[in-house]
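The structure appears below as structure tokens.
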Amino acid sequence: MEEQSKNKISEEEKQLHGKPSRKKGGLITMPFIFANEICEKLAVVGFHANMISYLTTQLHLPLTKAANTLTNFAGTSSLTPLLGAFIADSFAGRFWTITFASIVYQFGMTLLTISAIIPTLRPPPCKGEEVCVVADTAQLSILYIALLLGAVGSGGIRPCVVAFGADQFDESDPEQTTKPWNYFNWYYFIMGAAILMAVTILVYIQDNVGWGLGLGIPTVAMFLSVIAFVGGYRLYRHLDPSGSPFTRLIQVAVASFRKRKLKMVSDPSLLYFNNEIDAPISLDGQLTHTKHMSFLDKAAIVTEQDDLKPGQIPNPWRLNTVHRVEELKAVIRMGPIGASGILLITAYAQQGTFSLQQARTMNRHLTESFQIPAGSMSVFTTVAMLSTIVLYDRVLVKFARRYTGLERGITFLTRMGIGFVISILATLVAGFVEIKRKRVAIEHGLLDKPHTMVPISFLWLVPQYSLHGIAEAFMSIGHMEFFYDQAPESMRSTAMALFWMAISIGNYTSTLLVTLVHKFSAKPDGSNWLPDNNLNRGKIEYFYWLITVLQVVNFVYYLWCAKIYTYKPVQVHHSKDVNSPVKDELQLSNRGLVNA
């Protein structure tokens, strides 16, 4: 029974035309998943990389309103994954959730593309120095509907596609135990390559050819991503959804509250264990008892009121297994570490808003006839990220492995910490670069000429963009690894949703910070740290340094959280096939074998 549950996949994978099918998943599925990821990222990034320019130059929105619109959308797009993860983990499964969500996203992109093509759906172009006409309510409504559809689509794609790819590697197979963490590096590299194409080719088309074609290409790419993904249907491992993880967490909380007055048992082995009912949610191994948060263990104490008979499934609102109790503990333990990534996203968000606007005022000519679009500045972030991933995977891991003994080189907590330090440096440097840019503007009498190019090279911005890319290669991938690895296996879509939720809160924090700074830095003479119309009269360097200080405080908080964090222990069942004996090992996740 237990071995059958451990190898449980959908029935259509077990038998094809009356014959046992080939082993599902593995490297053969990667071309389909990565082809989907390339097209999807080409679409999404091409859709949004230069959107600040679209909102300010085509819809004529004020800079702060445009920046907040984008960060609010980014925040919403990173919050909806909670709903998508619930649907995937509860009943739909990851494959169908991704497919349906991609179609919804397609509708949103198509709507925005149409609005960019039809002139009446945008305000008239500006003429000379006259005041531009801002988009009216109807025109903004189309924008918001398109962005909302995009947010809903993202909610189904983001939490599932990463976990679905990692699902293709069977962690119970000793030959594949290192594949999932390698996959995260591959995933981010492929994603970065697609982003690189988007911020160069597509942004250039949008700025120099037209927004209709510039948005139309990502729309077509999104359509192709759905085709590529569905094309690999018969090759994938389709793990069956195991019911609502949120319901299980609530049941444990309710059961422990009901039994709050009970005394804890002296021996954890007296707590309730049931391998049979836990089998569908512990395919890779069961969580073992931990001493932390012992008040939750009361949910696993068997009492006379539970009226538990042999072979009977207990009422989960009164009695839960140790595995289910440990699921809740794992989620609670993950919270503080996950929250520490919020401010890094807040810092990173400025690249698409104020840093991009800085670039628009600077000399971006590579030759006399060609200048790099401001929206393509993130190419430096992406190149730095891709280069760091390659060096990390091919050099640093092998070097670190000699000293740590870990297959992955360093723990994901260490990887995240390195990312935090580099991000702090990035925002610190950004402040000094802004001082340099304004000094040149003053020297050339351009303080009150916001539309005149400041004679300073855009290359001054390269260090801050590159540092953010290096920080992302460490922090974001480490963050993703952390959520996937430390979450209960039946909640991995939910774990990816938590990863995106941290990004969501980071974007909302950016919106809040921009709003508060814009409000409280305003003076009677009209000056402001974050001006709407004249960047040269602003104090963006103060804003960057404010974020730097917040990140330093956040880093201290992270170090404390990492120091007290306890990795989840799993009773792992290793078996290469159903006929071989099962070997159980107690493994402390990410720390290696502690007891065989």
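A Cβ is built for glycine as well, from the same backbone N, Cα and C atoms used for every other residue.
Taken from TrEMBL, the feature compositional bias 'Basic and acidic residues' covers 1-16.
The region 'Disordered' annotation in TrEMBL covers 1-22.
Long-range contacts of the transmembrane segment (95-121) within the same chain: residues 40, 43-44, 47, 54, 58, 84, 87-88, 139, 142-143, 145-150, 152-157, 160-161, 164, 210-212, 214-216, 218-219, 222-223, 225-226, 229-230, 233, 236, 238, 493, each at least 6 residues beyond the stretch ends and with a Cβ under 8 Å from a Cβ of the stretch. Annotation comment: TrEMBL describes 95-121 (among others) as transmembrane segment.
Among the features that TrEMBL reports, transmembrane segment is placed at 141-165 (among others).
For the transmembrane segment (186-205), the residues of the chain that approach it from at least six positions outside its boundaries are 30, 34, 37-42, 45-46, 49-50, 162, 165, 213-214, 217-218, 373, 375-379, 382-383, 385-386, 389-390, 473, 476-477, 480, judged by C-beta separation under 8 angstroms. Positions annotated as transmembrane segment by TrEMBL: 186-205 (among others).
Marked as transmembrane segment by TrEMBL: 211-236 (among others).
Sequence-distant contacts of the transmembrane segment (330-350) (same chain, six or more residues past either end, CB-CB distance under 8 Å): 71, 74, 249, 287, 292-293, 413, 416, 419-420, 423, 426-427, 430, 468, 471-472, 475-476, 479, 482-483, 486-488, 491, 495, 498-499, 501-503, 505-507, 509-510, 513, 543-544, 547, 550-551, 554, 557-558, 561-562, 565-566, 568. Under the heading transmembrane segment, TrEMBL lists 330-350 (among others).
Summarising the annotation, TrEMBL assigns transmembrane segment to 370-392 (among others).
Annotation source TrEMBL lists transmembrane segment at 412-433 (among others).
Within the chain carrying the transmembrane segment (453-477), a Cβ under 8 angstroms from the stretch's Cβ atoms is held by residues 184-185, 188, 341, 344, 347-348, 351, 355, 358-359, 361-364, 372, 377-378, 380-386, 388-389, 392, 415-416, 418-420, 422-423, 425-427, 429-430, 433, 436-437, 440-441, 444, 446, 536, all 6 or more beyond its ends. For 453-477 (among others), the entry in TrEMBL reads transmembrane segment.
The annotation transmembrane segment is assigned in TrEMBL to 498-522 (among others). Long-range contacts of the transmembrane segment (498-522) within the same chain: residues 64, 67-68, 71-72, 74-79, 81-82, 158-159, 334, 338-339, 341-346, 348-350, 353, 479-480, 483, 487, 528-530, 539, 542-543, 546-547, each at least 6 residues beyond the stretch ends and with a Cβ under 8 Å from a Cβ of the stretch.
Residues of the same chain lying 6 or more positions beyond the ends of the transmembrane segment (542-560) and with a Cβ under 8 Å from any Cβ of it are 337, 340, 342-344, 346-347, 350, 354, 416-417, 420-421, 423-424, 427-428, 430-431, 434, 513, 517, 521, 529-530. Residues annotated as transmembrane segment in TrEMBL: 542-560 (among others).
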